[in-house]
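Inspection log for the structure reproduced underneath, given as structure tokens.
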Amino acid sequence: MRKLLPILFLFVTVTSWAGNVTESEALQKAKAFIDSQRATQSQRQMRLAAKSTQVNKELTTATKESFYVFNVGQNDGYVVVSADDRTPAILGYADEGTFNRNDIPDNMKAWLQGYTYQLEYLATHANTRRAETAEHATIRPLIQSTWDQGSPYNNKCPMDGDKRSLTGCLATAMAQILNYYQYPEKTTSTIPSYTTGTKGITVNEIPVTTIDWSNIKNNYNGNETAAQKNAIATLMQLCGASMEMDYTSYSSYAYMIPALNAFKNYFDYDTSLRHVNRIEFKASEWDELIYNELAQKRPVYYCGQSIGGGHAFVIDGYSKEGLYHVNWGWGGSCNGYYLLSILDPHSNTGSGASSSSDGYSFDQDAIIGIQPNTDNKPEWGVRMTSEGLYTNFSVVNKQGSYFPISLTATFYNRTGATQDFDLGIGVYDKDNKEVSAQKMNDGKFAESWGYNGITYNCNIPALPDGNYAITAISREKGTDTWYQNSRSFQYYITATINGNQMTLQNPTVDASGSVAVNGNMEVYSTQTAKATIKNNGTFFNNVVFLLVNGELKGGRHLEIAPGETADLDMNFTPEETGEHTIVFALKTWVFDDEQNQWMEQYNELANTTVTIKAAKTNELKLTNGMLLNADANGYIKSNVAKLRFKAQNAKTTSDYYDNIRVRVLQNSDGGNYYWDITSVEIPVRLGKLKSETFEVEVPLEVDGYYWFNISYKTDGYYLGNDLWDDRNINLIPFKVEIPAPTAEELGVEPITKTKTPSIVYDLQGRNIDNNMMKKGLYIKDGKKIIKR
């Protein structure tokens, strides 16, 4: 039985200049890696166990190596090293055993062969590049509370008929951040009364109120005192009313800007609070922005949208492997580590959760700088946000000392507050240094107000020959420094000056590609649609949507530099057999004169067609289930549960090509009632009568008693956990005590710039692109899954 921990499975965003790694160079990289994993330098001998051409000899006649495998010591594991310097050096490792190229498990062989195939992809896609991101230190979750929206949290929320309204996700997220700081002692002013929009519920005025922090618990399990329930209900009531929550018994909602103002106006938080939108930043910039908040020990108030609805939650930690910790506000359910680009809890059961399964992946925004009032003035440059810029000029002749042009700009105030702005046009050189700034007009704009297409006639100075960027600029009225509007990296006009002529090029959206679908092509099973998109225009920074037979299934943010290619994965679960048309598209709005309203329109980027079959009847035998890190008394003193089980395909006529699910249920007091916390799905492919042993590591967030259920799918559905035979494994009960974080886990190290692939997972959650995951890799939702 072998354990391989793959580290890299993404190559479409790596640098296009390549160099081969020799066997001796690979050996040095392997030694350096092993030394970095141990407290002292290893004295164990390392020797070559295999090359890619030996492992893949049945499938390829290639003579160029794509990886090397080195054994460590006699039985101390092995390291897989890349033979191509376009990828990180270490592709995978094992901390025990040896690698025998004549005895490789099928799934490990498939993974290694897949690596070679993806290098072949690189050879034919030379314009794919690695994105610059920051390498960060681990930050353990800051928020210790696991609160929800129902009772006792909503005990003071208004009644909706004969039912109590939910607190609302924005209120729960706010309350958890206030609890983190245990501040303020009391509200700073009276919260006025209002009437809700949906149900017309009257919410009464709330006078200045003391918050009973001493009676507020991090975890509620139903055994609290009346004072403890009253304290948390009061806090939730204050949070909801302060942002004018639109209460109902099924879904209460509010907006980010009122929440931002509530922090400042009623809870005495910093005036430097800032509302930021994901689409206004490049991926690396957004990553640094969010991480820096956590590095300052400030939780981030975060919101995302799915096609089935939006949700607010808290980003409060970071894994050294590249994932952010999310507290979803669902009583601890689904809390864990996720990529910011995906944020998919794989759950629709939480209060106010989305009705769709695509995750909260687009229209993301956040409130940053949340901390008790320091009277600090905001240090960031206040500016407008561009959402369009173009000119009807293509070539302009110089007149005297300038080039006269006319351009049309669209921009809005997205700062979260009413602002007075000076507005203008700026010119920037190839190093993005300002070489010209002209004020065009000024104005006072409330949040989300601005100009939808204002035309400026301006004079571009006769600068030296070269390439320049023309952007909309703005500054706070009364200040001296001009700033490029947010999103100017996307909305700029390229100006090329050559003598007495200036050539202008508008920003363009010009992208197209192809789609491949991976999965078992069975109804009720998740299929992965992968679009490979080439950007033929200027910087691509958009939300791309997935439509299946014309029905919207998901959306993801995607950015691609000019001339480059990127892959984008989105999942869908077909509910009927037959032909399915898969389309990746951009959404635009067009005005319908007949209906006198704006209408959505989807512009296709790529498409394909697949045929979905009926779900197979499967029969697995699940045996030998055990908790590897539980002691003899059923105690787990760790923040992960390590499970092992064996799966055998009992069918003689068909393979098992689907997932096996580990369902995690929990209670806090050892009673009889357990509720779902999370689940981990393992991609499995077992041949007729074949068997495999699996290990799965499931992250645990809170102390308590746990039940682990392992089941498989047949006829499109998972078997229920009420089957106590070899079709299910039920491991119950196990008591969990999560140890306190170590000094290293609590520490935050400085950020250092490095070149790493963007959007990456590995089987431990270490930066492997979710877009490149294939069957045979075992990771889901940032949770490590190891197949032996």
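Heads up, the Cβ atoms here are built off N, Cα and C, so glycines get one too.
Residues or ranges marked as signal peptide in TrEMBL: 1-18.
Annotation source TrEMBL lists domain 'Spi protease inhibitor' at 20-117. In the predicted model, the domain 'Spi protease inhibitor' (20-117) has a mean pLDDT of 71.
The secondary structure of CYS169 (active site, nucleophile), as reduced to three states from DSSP, is helical. Here TrEMBL flags CYS169 as active site, nucleophile.
Here TrEMBL flags HIS311 as active site, proton acceptor. The DSSP secondary structure for HIS311 (active site, proton acceptor) is strand. Neighbour count (other Cβ atoms within 10 Å of the Cβ, all protein chains): 25 for HIS311 (active site, proton acceptor).
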Tell me, how many other CB atoms lie within 10 A of the CB of CYS169 (active site, nucleophile), whichever protein chain they belong to?
28
